[in-house]
Amino acid sequence: MVLKGQQVVEAFLADETSEHTCFPGSPPLAEQYTPPAQEDEESQHDEEVARDQPAKKRGRGRPPKCPDCHKAYKTPTELRNHSRSHTGEKPFVCTECGKAFMQAICLRIHMTQHSGERPYSCRQCSKSYPTLSKLKVHMRSHTGEKPYFCAECGKSFADPSVFRKHRRNHQGHRPYACDECGKTYTELKDLKNHERSHTGEKPYLCSDCGKAFSRSSSLACHQRIHSQNKPYQCEQCGKGFTQLSSYQSHLRTHSGEKPFLCPQCGKMFSDPSSFRRHQRAHLGFKPYPCDKCSKSCDKAFVASWDLRRHMLVHTGLRPFSCTECDKSFAERSSLNKHRRVHSGESSVWQTHTINQSL
C-alpha cells in the first residue's frame with residue numbers, strides 16, 4: 001500500500017505498530033519474533049501522559065506546536081522530544097560510555113549494545129533486534145513493503161528514519177559540513193563517518209580476523225562472512241547475500257532493470273555504486289589518491305577498488321593463486337583467465353573465434 005499526503009505524516013509520526021504481510025505459508029508477524037518480558041517503555045510512558053491529562057483536554061483543542069518551526073505534535077511529550085533537535089539538549093547519558101541522547105528511548109536502545117540484549121528475533125532468517133520497531137522494519141526486507149512514500153520524487157521507503165533523512169535532502173537541510181572537502185550531510189553521524197575517509201580512522205575491529213572498519217555497519221556486514229550468514233536468498237538462482245542492497249542489485253541482473261540514469265550522457269545502471277563511480281568520471285572527481293606515488297605523479301582514482309588494485313603495483317602482492325600450478329596473480333580476473341588453460345576452455349574459445357572469423 002502506498003501512503004500519500006497527510007497519511008504519510010500520520011504514519012511517519014505514529015509508532016511502528018502496523019501489521020505486516022508475510023510470504024505465503026509463513027506464520028503471522030506475531031509468531032515471527034520472541035517477545036520480551038515487558039512492553040515497550042515508551043508506549044507505557046505515552047499512555048501515562050495521556051491518562052494524567054484532564055478528560056476535557058484529551059482529544060480536543062489544537063495540537064501543541066513547536067515555537068521554532070511551527071510543527072504540530074500529538075502530545076506534549078512528542079513536542080518536548082522534538083524541541084531538543086533545536087536546542088541540542090541531550091539529557092539522557094549512558095553510564096557505561098558517557099554517550100548522550102535526546103530521548104530516553106534512544107538511550108535504552110543504545111544500552112542494549114552494552115548488555116547484548118536483542119529480544120526480538122525474526123523467524124525467517126534468525127536475525128535479532130533490541131526493539132520491536134527495528135524488527136518490524138527488518139520484516140519489510142522479506143515482504144518488500146515500503147509504506148513511506150515521498151511525494152516529491154515518488155520514492156518509497158521501508159524505514160522511517162531513512163525516509164526522514166531523504167526528506168531533508170529535498171528540503172536542502174544539510175547543516176553538517178566537512179571542514180576538509182566541504183561536503184554536507186543531513187545528520188551528524190553521517191559527517192563523522194565521512195570524516196574517517198580523510199583521517200583513515202578505523203575504530204571498528206573484527207574479533208575473528210583483526211580487520212578494521214571505519215563504520216559499524218561495514219563491520220557487521222563483514223562478520224557475516226565468518227558466520228556464513230547470508231539472510232538474503234535469490235529465489236531464481238539460489239545465490240545468497242549478506243547485504244540487502246547487494247541482494248536488490250543482484251535481482252536487477254534477472255529483471256534487467258536499470259533505474260539509475262546519468263543526466264549527462266543517458267547511460268543507465270542497475271546499482272547505485274556503479275552510477276556514483278560513473279558520475280565521478282564526468283566530474284573528474286577522484287577521491288582516492290595513492291599516498292605512495294602522489295609525490296611523483298599525483299595519481300588518484302574514481303573508485304576505492306581501483307586504488308586497491310593500483311596498490312598491488314607498490315606492494316607486489318599477488319593474492320590470487322592457481323590451485324593447479326604455482327602461478328599467482330594480482331587480480332581475480334587474471335586468475336580466472338589463466339584457469340581456462342588448465343580446463344581447456346581457452347583452446348575451445350580460440351577455435352570458436354577462428355571459425356567465426358572464417
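Glycine is treated like the rest: Cβ placed from N, Cα and C.
For reference, TrEMBL has these:
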REGION    16-86  region 'Disordered'
COMPBIAS  46-55  compositional bias 'Basic and acidic residues'
DOMAIN    64-91  domain 'C2H2-type'
COMPBIAS  65-86  compositional bias 'Basic and acidic residues'
DOMAIN    92-119  domain 'C2H2-type'
DOMAIN    120-147  domain 'C2H2-type'
DOMAIN    148-175  domain 'C2H2-type'
DOMAIN    176-203  domain 'C2H2-type'
DOMAIN    204-231  domain 'C2H2-type'
DOMAIN    232-259  domain 'C2H2-type'
DOMAIN    260-287  domain 'C2H2-type'
DOMAIN    288-319  domain 'C2H2-type'
DOMAIN    320-347  domain 'C2H2-type'
Restricting to the domain 'C2H2-type' (120-147), report the mean pLDDT as a whole number.
86
Out of 120-147, 260-287, 288-319, which stretch touches the domain 'C2H2-type' (204-231) the most, going by CB pairs under 8 Å?
120-147
I need to check the long-range neighbours of the domain 'C2H2-type' (288-319): which residues 6 or more away from its ends have a CB within less than 8 Å of a CB in the stretch?
277, 280-281, 328-331
Looking only at residues six or more beyond either end of the domain 'C2H2-type' (260-287), which have a C-beta under 8 A from one in the stretch?
197, 245, 249, 252-253, 300-303
